[in-house]
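To keep things clear, I will list the structure first and then write my remarks on it.
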Amino acid sequence: MACLGFLLPVGFLLLISTVAGGKYGVAHVVSENWSKDYCILFSSDYITLPRDLHHAPLLPLYDGTKAPWCPGEDSPHQAQLRSPSQRPLRQTTAMVMRGNCSFHTKGWLAQGQGAHGLLIVSRVSDQQCSDTTLAPQDPRQPLADLTIPVAMLHYADMLDILSHTRGEAVVRVAMYAPPEPIIDYNMLVIFILAVGTVAAGGYWAGLTEANRLQRRRARRGGGSGGHHQLQEAAAAEGAQKEDNEDIPVDFTPAMTGVVVTLSCSLMLLLYFFYDHFVYVTIGIFGLGAGIGLYSCLSPLVCRLSLRQYQRPPHSLWASLPLPLLLLASLCATVIIFWVAYRNEDRWAWLLQDTLGISYCLFVLHRVRLPTLKNCSSFLLALLAFDVFFVFVTPFFTKTGESIMAQVALGPAESSSHERLPMVLKVPRLRVSALTLCSQPFSILGFGDIVVPGFLVAYCCRFDVQVCSRQIYFVACTVAYAVGLLVTFMAMVLMQMGQPALLYLVSSTLLTSLAVAACRQELSLFWTGQGRAKMCGLGCAPSAGSRQKQEGAADAHTASTLERGTSRGAGDLDSNPGEDTTEIVTISENEATNPEDRSDSSEGWSDAHLDPNELPFIPPGASEELMPLMPMAMLIPLMPLMPPPSELGHVHAQAQAHETGLPWAGLHKRKGLKVRKSMSTQAPL
């Protein structure tokens, strides 16, 4: 908590702080009835642009894109250099095409013609232009003689500008570099969405585990009443059906290897064949998001008291209610709508984030890692995958950029102009050059949510099994939030994309292990054998009340049995001079272990009872929920004792019957007092 209290103020300071622009700027183009802003790229080491539009000069735009602008080439502007009295570029901003000479050479030619600014149009991407500087071809040539701003403009933006310059309209342009924030407010939105998704998915997984254990306990505890058997059978069948529908998929170590292999393969295929395989990811996202949206909304729809539509009994959809059919149709319509308008930057990101969150919740709910060993191996394998594709791959790419960043943002030379949908994306909320340039959105991959979310879900399931009041779940969720804050800080300090799993997996895994070690449950937490301490359903809100009712019923039954036993024992103990008795208290271990034959049953070994006179108890019935017969009712069934010559035969026969009687373990109750005979009974 102390670390969290330190990181939150620091993160807030980073939110409100700004830094001077680096290489991105804005070209504000204005005509008589039209204006628009365009992204420009410049070198902040050699050029200083005004910080706001009010201080930027608004100059006429000169179109020089049809003539070469390099020394030695046949250019009419070079001839004009010989006549200083004629300067057609005087007090204008020239726009020329990128040639074979350096930016400095072009800027020097434009400055010689009287231009006050130069826009160089280029077809290459930002990554390829990042190596282009204003350094002259001759290193010994100084840059002091270049005083005008020189910036690069995209070719598509040049075409858009020229489309508005038809006729005699005068077009003016102003270049400036607004301050860029270190971190935008949209990162706070992404933080809330990510932490909320992880917490909701983990809690949903724990709630499902609690309901599953509750149904299992209900199926194991059955009564002997004949009129309840049909109802119990129907309830067991319905619970079994719900259990089969809600049962999660256990993740094995073999699946970990398959997932890592497929992830590496898909990453490389997207890097080399992005325009083809991006549609594969769009299809996978559409299918998974549709199923996830249906899975999240179906519990709410099922709670509505809507009448089922009467369909033919032999129909394929006869068992599916009408509300669920309508919900499935709605989910399919939403997916089709998103596919059609997925590239609308103004509002489509809201729909994509909604579908993405439902997809993540569905995965966290349906996929279960049964042990911490499997969970740790899965998280560490994907951690190595993330670190490799972010920190190692830049040494092998031509542009020096990581494969992960190029695939996540999409190659600039992509002809499809598609973006991967497997991310949470929020547009920048502060106006800056980055809003117009290649980074209008801040993104967070689904892997940075789902992979640590598996551990959060495991912690909540473990809380259910050991009744720890969600200690593991809360600690792991807070650790995820702290790890995400550290990820944002590392991204700001290093000015590059970060392998978020490096911080998220470390924080969540170490925190969970520390909590288990402090509670001395490390072995149980590692193996996932929390059911050994199951005493209730900690994550299910409705389970506590049901547990209290069951405990009250057991206490009432035990007290009734104890009173009946006391009365029966009093009848047997009519002659205190001949018999010496002692009170035996059955321990909890003896009561719950059917194989441990307690010595307290010796007092009942002389009873010769007919098994046909006892109620029939099903073999599968739970001993805890078995209807108990007071011991006072058993006393009249005992026959008179035979002469001493027949006592041995009767005693042996009673012991033979004792092993097969279903009531042999009825007295083995926690805290149940039974009288133990210390002498043989005298003959009558």
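Cβ coordinates are placed from backbone N, Cα and C, and glycine is handled just like the others.
Taken from Swiss-Prot, the feature active site applies to Asp386, Asp448, supported by similarity to another entry. For 227-238, the entry in Swiss-Prot reads compositional bias 'Low complexity'. If you look up Swiss-Prot, you'll see Asn100 marked as N-linked glycosylation site, on the strength of a curator's inference. Residues or ranges marked as topological domain 'Lumenal' in Swiss-Prot: 22-186, 341-346, 398-439. Feature annotation from Swiss-Prot assigns topological domain 'Cytoplasmic' to 208-253, 298-319, 366-376, 461-472, 517-684. According to Swiss-Prot, the feature transmembrane segment maps to 187-207, 254-274, 277-297, 320-340, 347-365, 377-397, 440-460, 473-493, 496-516.
Annotation: Asp448 carries the greatest number of neighbouring Cβ atoms among the active-site residues Asp386, Asp448 [cut-off 10 Å, Cβ to Cβ]. Within 10 Å of the Cβ of the residue listed as 'N-linked glycosylation site' there are 9 other Cβ atoms, across all protein chains.
Listed as Cβ neighbours of the transmembrane segment (440-460) (distance under 8 Å, sequence separation of 6 or more from its ends, same chain) are residues 184, 186-187, 190, 194, 197-199, 201-203, 205-206, 209, 251, 345, 349, 356, 359-360, 363-365, 367-369, 372, 375, 378-379, 382, 386, 408-409, 422-428, 434, 470, 472-473, 475-477, 480, 483-484, 487, 500-501, 504-505, 508-509, 512, 528, 539. Put simply, of 254-274, 277-297, 320-340, 473-493, 496-516, the stretch with the most CB pairs closer than 8 A to the transmembrane segment (187-207) is 473-493.
According to DSSP, the secondary structure content of the topological domain 'Cytoplasmic' (461-472) in residues is 8 helix, 0 strand, 4 coil. Contacts between the transmembrane segment (347-365) and the transmembrane segment (277-297): present, as 3 or more C-beta pairs lie under 8 angstroms, all at sequence separation of six or more.
With a cut-off of 8 Å between Cβ atoms, the residues of this chain six or more beyond the transmembrane segment (496-516) that come close are 372, 376, 379-380, 382-383, 386-387, 389-391, 402, 404-405, 408, 444-445, 447-448, 451-452, 455-456, 459, 471-472, 475-476, 478-480, 482-484, 486-487, 490, 522, 524-526. The residue listed as 'N-linked glycosylation site' carries neither a helix nor a strand DSSP state and counts as coil.
Across the structure, Asn100 (N-linked glycosylation site) and Asp386 (active site) place their CA atoms 39 angstrom apart.
Mean pLDDT of the predicted structure over the topological domain 'Cytoplasmic' (298-319): 62. Across the topological domain 'Lumenal' (398-439), DSSP classifies residues as 11 helix, 5 strand, 26 coil. Here Asp386 (active site) is positioned 10 angstrom away from Asp448 (active site), judged by their C-alpha atoms. The secondary structure of Asp386 (active site), as reduced to three states from DSSP, is helical. Taking Cβ pairs closer than 8 Å, the topological domain 'Cytoplasmic' (366-376) reaches residues 205, 248-253, 256, 295, 454-455, 457-458, 461, 509, 512, 525-528 in its own chain, all 6 or more past its ends.
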